[in-house]
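Undergrad: Handing you this structure, nothing more for now.
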Amino acid sequence: MRILIANDDGYLAPGIAALVKACEGLGTIDVIAPEQNASGTSNALTLNRPLSVFEARGEPVQGFRVVNGTPSDSVHVALTGLLPHKPDLVLSGINQGANMGDDTLYSGTVAAAMEGYLFGVPAIAFSQAEKGWTHLDAAAATARAIVEQVLAGGPPTGPWLLNVNIPNRADAASLPRLVTRLGRRHASEPVIRQTNPRGEPIYWIGPAGDARDAGEGTDFHAVAHGAVSITPLQVDLTDHAMRGAWASRLGVPLA
C-alpha cells in the first residue's frame, strides 16, 4: 500500500505531521505539501512560472517534499513526474477549520485530494471543524480509524473522493460517523475596506457567512450534533435536472 499525503496549510502545519504520524504502519508514505499556507486556493495550478521542490529537514517534517505552489500543484507534480510510482490512496489534511457545504469549492484541502481523484486515485480530505488545533491527536486517531475502515476490504479501487469533517473534541475517535451530503452557506460577509500607508484602498475578503442549509443529513448538521461527517464527492457539475428545461427554452435538442 502506497499512500500520498498532502495539505493546504503548508508543510510546517501541525495537521499534516499529525496525519502522517497517525498513518504510520499502513503502508509506504510519501508526503508533499505547499511551502506556504495556501488555504482557499481551490484547484488552482501554477502556470505562469516553474515550480521548485525541496526536501524538508528536521523533525517532524524530515523527508517531506515541499513545493512552492498550491495544494493542487503539489499532488499534480507528485503524480505526474516526481514519484516513481502511483499511490494507492491520496490523503489531504488535517486542515485547520471546517470544509463543509460550498466551502469545498474554495478548499485547498479538498482540492489536493480531488487532484488525486482526477488522476484515478481514491482520495480522502480531512478537516477539523474549528480552528486552533485543539484535540489534534483525537482528530488524527479518527482519520486513522477511517482509513483503516476503508482499507479493511483490501486496497482501494476507484476513483472515489471523501470529504471528512471532525469535531474538535477529545473524544472525536469515539463519536458516531455519518455519511452526509453537502449543506450550503449564505454568501460571505462584505469585504473589509482599509487604507494602506499610501492612502490607497485595500480590501480583505470577508469571513464566511452562516449556514443556510444545515438540516438533518447535511455535513453542518452532523458536526453540530457531535458526529463525524463523511461526504462522498464528485466533480460533475452538470445540472442534470435542468438539461431538458434549458433545451426547451433555447429551442435546441439535448445532446
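In case you wondered, yes, glycine gets a Cβ from its N, Cα and C as well.
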Undergrad: In Swiss-Prot, the residues D8, D9, N95 are said to bind divalent metal cation. Which of S39, S42, S72 is said to bind at that same site?
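TA: Given D8, D9, N95 bind divalent metal cation in Swiss-Prot, the matching entry from S39, S42, S72 is S39.
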Undergrad: Identify which of the binding-site residues S39, N95 has its Cβ surrounded by the largest number of other Cβ atoms within 10 Å, counting every protein chain shown.
TA: N95
Undergrad: Drop a 10 Å sphere on every Cβ of the binding-site residues D8, D9 and tell me which sphere holds the fewest other Cβ atoms.
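TA: Across D8, D9, these binding-site residues, the one with fewest Cβ atoms within 10 Å is D9.
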Undergrad: Tell me, by DSSP, whether S39 (divalent metal cation binding site) is helix, strand or coil?
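TA: The three-state answer is coil.
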Undergrad: In the same chain, which residues outside the set D8, D9, S39, N95 have their CB within 8 A of the centroid of the CB atoms that define the divalent metal cation site?
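TA: Residues close to the divalent metal cation site, other than D8, D9, S39, N95: N7, G10, A13, G15, N37, A38, P71, G93, Q96, G97, S107, G108, T109.
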